[in-house]
Amino acid sequence: MSLNGTCLNATFKCNSGLILPLVNESIWSIEFRAILYLVGLLWSFMAVAIIADTFMCAIEVITSKTTEVKVARPDKEEGFEIVQVRVWNDTVANLTLMALGSSAPEILLSIIEIVSNNFHAGALGPGTIVGSASFNLMVIIAVCVVGIPDGEFRKVKRMKVFGITAFFSVFAYGWLYFVLLGTSKNKIELWEAVITFAFFPLLVMLAFLADKDYCGKKKVKDDRLEIELGNATEDTALMKQPTTEDERMKDVVSAFMKTLDKPEKLSEDDASNIAALQLQDETPHSRAWYRVKASRDLFAGQRIQPRLNENLQKVLRSGSTSQLADIAHENGTAVTGPQRVEVDQILSTIRLTTAIEFDAVSSSVMENCGTVKLIVVRHGDLSKDATVSYETIDGTANAGEDYIASSGVLTFKPKESRQTIEIEIIDDNVWEPDETFFVKLSLPDGDVNANDDSDYVSLGRKVINQITIINDDEPGTVEFTKPSFLVKESVGTSYIPIQRTNGADGVVEVEWKSTDLTAKEGKDFTGRSGKVTFEHGEDEKNIELPIINYRKTKKDENFQLTLLSASGGASLGHTQKTIVTIVGDDEFDGLVRRIVAKTHLKLSKMKLGSQSWADQFTQAMNVNGGDVENATAGDYVMHFMTFGFKVIFACLPPASIWGGWACFCAALVALIGLTAIISDLASIFGCLINLEPTINAITIVALGTSLPDLFASKTAALQEKYADNSIGNVTGSNSVNVFLGLGLPWLIAAIYWKVKTGGDFDVPAGQIGFSVALYSISAIICICTLVARRHLKIFGNTELGGPVGPKYATGAFFVLMWVLYILLSSLQATGTIAGF
């Protein structure tokens with residue numbers, strides 16, 4: 001065999017690559033050389049991931065460029081507000097610079113291999129592209145499907161864009177098979193190379209048109225014109241949201257501090273860490289952000305998301321419990337707080353849309369109530385018909401035993417804002433603990449809303465209602481919902497909830513009293529004692545205490561509430577006492593302002609592309625970029641292994657200068673050099689262990705270049721509301737890899753041979769043709785499975801997550817397809833089975 005990196009004789013002297021070997025090593029033992037090259041290959045994969053991190057930072061800065069746009073605001077004195085909107089369309093950015101940054105090693109490897117082989121085709125570059133595509137589509141999506149927590153789900157939002165990229169992810173490899181084995185077998189003619197490369201801008205253009213809804217019925221006359229003419233109504237979502245980032249951050253911090261059971265024990269630094277983490281979790285991120293996060297988490301780099309120690313994680317979990325109970329899951333994940341201002345967000349607030357959600361996130365009913373009625377409300381524009389689907393989901397209560405399963409579609413007529421769902425409850429006259437089930441809202445399949453205007457109807461935050469069936473044969477247990485509460489002195493009246501669990505039979509009276517601590521009754525609050533009455537079937541009531549707002553001192557003051565007794569056979573629970581802390585408005589607001597300032601500082605330091613040259617060196621020389629407190633033993637090991645690369649790459653221009661372009665160009669040059677080294681290392685290593693180049697490409701090299709994408713996609717799947725940033729980008733990358741990663745080097749080589757000899761570019765299709773055909777079949781099956789998951793109830797009508805059994809079955813099926821792809825491709829490469 002003549003491929004670079006294959007063995008030429010019995011002495012195992014391998015062909016020289018573009019850079020390696022540096023010395024004559026043919027007299028060294030084969031085993032030592034193989035280990036040396038394997039270690040070098042793995043180490044180089046780390047280096048590529050780190051420089052790709054820098055490359056993606058530059059891309060994030062470039063694609064985050066903003067411009068000023070005037071948005072109509074009748075509530076403002078000027079009649080408008082100037083907001084910053086992004087210049088780059090997200091879909092175009094994902095398919096161009098983002099795809100280039102994510103797949104740069106594979107694309108550059110293909111180009112470098114052809115150039116270093118004197119414009120002769122090799123197997124390593126194309127094999128790596130096909131191997132990476134199979135790993136991305138089958139393994140990464142499998143991990144994303146099963147990685148969603150039980151009970152949650154993620155759906156693709158931009159179905160038109162996903163449909164186009166999914167089609168091209170199969171078509172690209174079908175076209176590859178066609179040109180290799182169809183029109184001119186084992187040759188790439190110039191027109192074939194031109195068309196292959198031309199598919200890349202065609203893909204970008206079609207995806208952009210789909211994203212802008214030009215591929216179907218146009219929803220608005222002209223988004224930009226709507227902004228300029230001020231045709232936005234006052235009841236748009238934009239009018240209801242805070243207008244500045246600081247205001248949004250203040251709202252989140254304030255709400256979070258109120259949920260804490262013991263806020264006085266949390267330092268401002270710790271509170272700002274938790275607030276920064278919540279803001280990061282709730283803010284949409286780009287593909288570059290997730291790619292950089294994955295790389296830095298793997299190699300102990302500067303974190304772009306706060307890492308909480310174990311104690312702070314407990315605070316976050318326990319402190320926010322009561323608040324989280326009131327937050328519905330939007331499409332499977334809780335999403336509140338500030339959102340990044342982007343073009344699409346601004347435009348979406350101007351369109352006339354309607355949102356549908358439950359009126360409450362939980363309900364409790366007696367076992368003998370017969371039916372439970374759930375209110376579904378509609379907000380926003382009410383001028384058109386709107387439909388929403390609903391279905392029941394088992395919890396600890398089982399359909400057929402505790403309630404009658406139900407599903408259907410609610411239709412809101414024009415100007416109708418409320419609908420009712422009725423679920424029948426089964427009374428079995430047997431004592432049981434309280435049981436729960438859920439009712440979930442979803443958008444109907446087929447986009448039937450508002451005459452195919454699929455974006456007209458959206459789901460609100462409260463899309464899941466938890467119904468608790470209370471056993472009607474017990475009076476229950478009464479207790480406070482939390483051991484402490486925080487109220488502002490200007491609240492007027494504080495409402496301290498008492499809950500009744502494990503039964504709600506009969507009338508129960510609960511006596512309570514207050515005890516002065518630093519707050520005094522009659523001076524700071526009113527109410528020494530009293531009674532709360534639970535009527536039959538009621539499970540939560542409030543103690544109402546007026547708060548007096550004339551204190552001179554600005555320090556926190558508190559008092560204690562104690563439950564004394566419960567009548568009607570009810571018993572008192574564990575939380576019989578609670579501390580109520582009265583916070584002065586000035587003090588509380590000052591605390592919030594200080595935490596907001598620290599949170600803003602932390603987020604600014606973590607923002608991609610904000611570092612200076614000095615910052616780069618400081619972060620490169622310290623584990624986790626300086627966050628030693630949260631560093632683990634694994635972090636120190638990875639930092640030690642990659643320290644040299646971090647320091648070397650810190651010499652590159654930071655992304656904060658020249659709009660990111662200086663960093664982009666410098667990182668691209670570094671990537672080219674590293675990819676050339678990887679090409680040599682992989683080829684010579686394959687030679688030393690007698691591994692076929694095709695097998696080498698679809699296994700070792702493909703996995704080495706794709707692992708960071710695996711972690712990035714999993715993180716995106718967990719943190720995003722939708723599946724677009726996890727599986728949608730896989731299909732886009734797989735298409736770009738062919739059109740750019742093969743189209744560009746083929747075009748270069750085809751032009752070279754046409755000019756030099758007047759002939760065509762020779763590409764032996766044997767092994768790569770079989771691999772492409774096998775992948776194409778697997779890709780069709782994989783995408784059809786995702787479509788089936790979206791439309792079949794057994795899978796939860798979602799691409800990612802859903803019911804436990806089907807989601808794990810899907811993941812196992814995808815991984816099995818990948819294993820079969822590797823196995824059959826390897827058997828064909830070794831001649832065990834016949835190819836084409």
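A Cβ is built for glycine as well, from the same backbone N, Cα and C atoms used for every other residue.
Annotated features in TrEMBL:
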| type | residues | note |
| --- | --- | --- |
| DOMAIN | 342-442 | domain 'Calx-beta' |
| DOMAIN | 465-564 | domain 'Calx-beta' |
| TRANSMEM | 34-52 | transmembrane segment |
| TRANSMEM | 129-149 | transmembrane segment |
| TRANSMEM | 161-178 | transmembrane segment |
| TRANSMEM | 190-210 | transmembrane segment |
| TRANSMEM | 647-674 | transmembrane segment |
| TRANSMEM | 734-753 | transmembrane segment |
| TRANSMEM | 765-788 | transmembrane segment |
| TRANSMEM | 808-827 | transmembrane segment |
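The transmembrane segment (190-210) shares more Cβ pairs under 8 Å with 734-753 than with any other stretch in the list 34-52, 129-149, 161-178, 647-674, 734-753. For the transmembrane segment (129-149), the neighbouring stretch richest in Cβ pairs under 8 Å, chosen from 34-52, 161-178, 647-674, 765-788, 808-827, is 808-827. Only pairs six or more apart in sequence are counted, and the transmembrane segment (765-788) with the transmembrane segment (34-52) gives fewer than three Cβ pairs under 8 Å, not enough to call it a contact.
Between the transmembrane segment (161-178) and the stretches 34-52, 647-674, 734-753, Cβ pairs under 8 Å are most numerous for 734-753. Long-range contacts of the transmembrane segment (647-674) within its own chain (CB-CB distance under 8 A, at least 6 residues past either end) are made by residues 44, 47-48, 50-52, 54-55, 57-62, 65, 104-105, 108, 112, 608-613, 615-617, 619-621.
Long-range contacts of the transmembrane segment (808-827) within the same chain: residues 134-135, 138-139, 141-143, 145-146, 692, 694-695, 698-699, 767, 770-771, 774-775, 778, 781-782, 785, 789, 795, 833, each at least 6 residues beyond the stretch ends and with a Cβ under 8 Å from a Cβ of the stretch. According to DSSP, the secondary structure content of the domain 'Calx-beta' (342-442) in residues is 8 helix, 53 strand, 40 coil. Taken through DSSP, the domain 'Calx-beta' (465-564) splits into 3 helix, 57 strand, 40 coil.
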